[in-house]
């Protein structure tokens with residue numbers, strides 16, 4: 001492997017007891033063990049009273065106010081730059097007047113991708129409140145748990161999602177997928193009734209016309225609570241500040257976009273096929289890209305054929321995606337469903353959120369040879385800021401997740417000695433920079449996750465001599481299913497309540513279609529005839545579809561440390577599960 005060659009080179013010339021080592025590269029300090037970005041620093045706003053929405057709209061170009069900023073891929077219904085400013089301001093006023101939303105209030109967004117998502121998200125922030133997002137396919141139990149943990153005072157949900165809502169203390173307002181600023185957009189009297197509350201808020205909330213007081217909010221106030229599996233254990237609420245998201249906008253989105261402007265790229269048109277409820281999609285399509293005046297073409301749900309058609313129709317130039325979407329595009333091309341003329345406008349495809357195989361990268365480059373392909377790395381805890389791929393005439397390192405973003409620093413820490421490691425050596429990746437979260441909603445394990453401002457990612461990685469980062473494994477237990485994060489503890493909490501299950505541990509297995517799938521190792525109670533199918537059906541009724549257990553292995557005992565901690569690595573690394581299992585079964589990751 002490349003890192004082995006680097007390490008071997010360091011030991012060259014060791015004869016006669018003399019060790020000759022090359023000087024460290026300029027981006028690495030041997031004295032401190034810290035890696036720095038090779039990009040020039042980016043100046044970030046210092047005004048402590050600045051908010052994210054104010055920053056975005058100050059950055060949004062004033063020229064051409066009628067230019068589309070959000071476009072519904074299916075209908076071509078658009079929100080212009082001027083519309084965006086007006087709709088966010090009026091909806092924020094409606095939230096304050098109609099529902100008493102104020103500084104510190106938490107509003108839960110249970111919404112699918114739509115042009116209404118960014119407007120709703122930014123309006124919550126403009127009202128002085130905190131937004132917390134959820135995948136709209138979440139189960140009633142998951143919705144109730146997050147609403148309770150965050151103290152949500154209001155829920156914004158889609159019409160389809162309303163059917164899954166459990167009884168909640170907070171009121172629910174249904175949000176349409178299309179915004180053309182009038183009730184006439186709704187289909188018939190029933191739609192007008194269903195969305196009447198939202199339309200009333202969108203008109204500013206009515207009242208006597210007196211503006212409610214706008215809360216005083218600053219950079220260090222919370223702006224979002226996004227859920228992540230963290231570095232281990234159960235899902236945790238990640239508290240992000242206005243400062244975090246402003247840094248993300250500048251260091252991730254605007255900086256990367258500037259690289260393509262510098263190359264003389266045409267007007268940027270981005271396809272939003274990633275869920276905006278996740279930090280990857282949220283940071284791009286509901287926040288950062290809106291500040292540069294790009295057009296965001298929103299797919300309500302991904303379909304490879306529809307995506308190809310939308311690329312051709314809207315002349316899409318950039319397509320951020322995750323490995324399963326990338327694989328679907330490759331399959332569509334192999335089946336002859338991607339005419340070259342339809343994707344000729346595509347300049348860049350970026351991939352993140354989950355590991356990707358070298359084979360899939362090769363297949364993609366064969367199918368789309370004109371596209372600049374890069375990978376990136378970030379976490380919810382780093383507000384998606386970490387590294388971004390950067391191809392040059394000299395370097396095209398497609399399997400790397402790229403270079404450190406501006407203003408970011410990293411360490412590679414030895415797993416046993418905790419010493420810092422130079423390029424070519426693998427260890428745990430630690431990150432430091434302005435995107436690092438304020439903390440978890442519950443600070444129970446914050447100290448072990450952050451140390452002196454450093455975020456311990458739980459990922460095993462190394463830097464090469466050019467400053468490119470490679471992820472080679474991980475310490476943490478998170479399962480990445482089609483780009484979605486699944487905390488094993490969440491599934492174990494569901495399974496252990498089954499009356500016929502004595503003990504359980506959930507880990508991951510590699511899967512060609514999904515990247516990874518959840519695998520449940522189950523110890524049945526004495527006399528139980530519980531089947532694999534029954535276990536999977538039990539879980540499926542209580543979690544979002546992407547969280548379903550895809551394989552069940554019945555075992556006699558769960559391996560644990562003397563302290564009682566489940567040794568997931570033994571389960572994950574065991575290639576001969578049949579030797580330990582009494583029986584097993586699985587379902588397709590395509591379901």
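Cβ atoms are placed via backbone N, Cα and C, with glycine included.
As the structure is a computational prediction, the values presented were derived from the model and not from experiment.
As written in Swiss-Prot, here are the features:
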BINDING   228, 229, 230, 231, 232, 236, 375, 376, 380, 459, 474, 565  ATP binding site
BINDING   280, 353, 375, 376, 380, 476, 480  (E)-4-coumaroyl-AMP binding site
BINDING   301, 482, 483  CoA binding site
REGION    303-375  region 'SBD1'
REGION    376-440  region 'SBD2'
Report task. May I have the DSSP-based helix, strand and coil counts for the residues of the region 'SBD2' (376-440)? Result -> 3 helix, 21 strand, 41 coil
Report task. Would you list the other residues of this chain near CoA - those whose C-beta lies within 8 angstroms of the C-beta centroid of 301, 482, 483 - in sequence order? Result -> 274, 275, 302, 322, 324, 325, 484, 546
Query raised in the report: What kind of secondary structure is residue 228 (ATP binding site) part of, going by DSSP in three states?
Result: strand
Query - DSSP three-state assignment (helix, strand or coil) for residue 480 ((E)-4-coumaroyl-AMP binding site) - result: strand
Query raised in the report: Nearest to residue 482 (CoA binding site) by Cα distance: which of the binding-site residues 228, 280, 353, 376, 380 is it?
Result: 353
Requested in this report: Just report the maximum Cα pair distance in Å for the recorded CoA binders 301, 482, 483, no decimals.
Outcome: 15
**Report entry** Integer Cα-Cα distance in angstrom, residue 483 (CoA binding site) to residue 280 ((E)-4-coumaroyl-AMP binding site)
**Finding:** 10
Requested in this report: Quick one: give me the count of other CB atoms within 10 A of the CB of residue 376 ((E)-4-coumaroyl-AMP binding site).
Outcome: 24
Report summary line: By a 10 Å Cβ neighbour count, the lowest-scoring of the binding-site residues 301, 474, 476, 480, 482 is 301
Query - residue 301 (CoA binding site) versus residue 353 ((E)-4-coumaroyl-AMP binding site) - Cα distance in angstrom - result: 18
